[in-house]
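**Student:** Can you read through this structure? Questions will come right after.
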Amino acid sequence: MHIVDGALSSEVIVTGAVLGVVGVGYGLRKIDIDAMPRVAMMSAVFFVASLIHVPVGPTSAHLIVNGLAGLMLGWAIFPAIFVGLLLQAIFFGFGGITVLGVNTINIALPGFVMWLVISPIIARTDGKMLLMAGFVAGAGAIGLSSMLVGLSLAASGQEFITTAKLVVASHIPVMVVEGILTAAALHLVKKVRPVMLEPAGVLRSAT
Amino acid sequence: MLVRFLISLIAVFSALMGLSMNAQAHSLHVFAMGNGDIIDGYAYFGGGARPRNGEIQLLDRDDKLLFTGTTDDQGEFRLRISHRQDYVIKANSGDGHIAEFTIHGDELSSQLPKAAQDSEITVSEITGTASPPKAPAPIMGMGNKTETDGMIALSRDELADLIDAAVARHVRPLREQLVAYEDKVRFSDLLGGIGIIIGIFGVFAWVKAGRNQRNTKP
């Protein structure tokens, strides 16, 4: 999921950087003091989860938790993912500095989309439907991310169909695991502390 | 409540990290070594899996592309090169992961001609034998040894090649281990990262809170 330095053409990198700055900037304005711990926590969860690694078939995969992060953060997912990616790039050479914008968009945008689509449903449902919504959010965010990675690579000269197939195929197990994980986490949070799923402070007034 | 949730989450992940020791960056890596006139190595993902049919490129120190091929079923590749110089191996698994590895000219046989600016470097892929070479790579001029009383007369060059090959064979696992160690994600780094994230958002919260306080003062 993390594209490395040197894999993308400069047009894609610049586009990603511009979109990334817009997302992070707008996301930062949406964070207020109430939402701060939540953003920090999801940023840390993303940072750690995407470093834990499971070999899957010919490649190896890791969790990304962008679906869950999106549901809990809304706009604030952009700065949260950005900070996590920045530290991963500096500490582990995981991803890269020049592709930070592209990676931020590839990972955060699907989470944000899930927030737009799934959050209104979550507010109204319970039980099995809630679990279903969580699964869709978790799996859908990974699926969208894979497509975006395929698109980024295709825009840099690789053939889209083969690349997208490769990326999506290697993320199918991750989609399933993330779906289950997001559903479980959503269920737990809604039961224990439903306030965490509601937009806080500025986030609330913005919607 | 939030803080407690955060702490328990970190605790859970700490436990997870303790269990899974193969926590490595999901990046592509390449390992390669020069041995005689052969460069052999393999590409691998952080978790240990190997990319099949991953693209392999051999470049010289000026980034000039010399050879393009693919890895075999085990993610390995073997290339025979004609000149001695520094090479760069690039691997691309096709899904956004690229890795690089530099091979120093010193690792290759000293019998190979040194590459000059205008020398024509030929690279050929060796297929078939997937296992790493047990015997030193045959170098020109070898094989016609004169044997007397069970003693083999070797020329100075042949002896140098044999020693090179033997040392390379013994050093290889050590170098593999070193590279793997360097790529490993360490627990202390993870904790440091979490600390920095909390710190960044803490400072951000502090700045925002300060502004609010000022604003609410009469």
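Cβ atoms are placed via backbone N, Cα and C, with glycine included.
This is the feature table in TrEMBL:
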- A:12-29: transmembrane segment (TRANSMEM)
- A:35-56: transmembrane segment (TRANSMEM)
- A:68-91: transmembrane segment (TRANSMEM)
- A:97-118: transmembrane segment (TRANSMEM)
- A:130-154: transmembrane segment (TRANSMEM)
- A:166-189: transmembrane segment (TRANSMEM)
**Student:** Tell me whether the transmembrane segment (A:97-118) sits in contact with the transmembrane segment (A:12-29), defined here as at least 3 Cβ pairs under 8 Å among residues 6 or more apart in sequence.
**Tutor:** yes
**Student:** What same-chain residues lie close to the transmembrane segment (A:68-91): Cβ under 8 Å, and 6 or more beyond its ends?
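**Tutor:** Counting only partners 6 or more residues beyond its ends, the transmembrane segment (A:68-91) has Cβ contacts under 8 Å with 2, 20, 23-24, 26-28, 30-31, 35, 38-40, 42-47, 50-51, 97, 100, 103-104, 107-108, 110-115, 118-119, 122, 134, 137-138, 141, 181-182, 185-186, 189, 196-197, 199, 203, 206-207.
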**Student:** Report, as numbers and ranges, every residue of the chain located at least six residues beyond the transmembrane segment (A:35-56) whose Cβ falls under 8 Å of a Cβ in that stretch; write 'none' if there are none.
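**Tutor:** Contacts with the transmembrane segment (A:35-56): 1-2, 62-66, 68-69, 72-73, 76-77, 79-81, 83-84, 87-88, 92, 94, 170, 173-174, 196, 199-203.
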**Student:** Mind checking which residues reach the transmembrane segment (A:12-29)? Cβ under 8 Å, same chain, six or more beyond either end.
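**Tutor:** For the transmembrane segment (A:12-29), the list is 75-80, 82, 98-106, 108-109, 112, 152, 155-156, 202.
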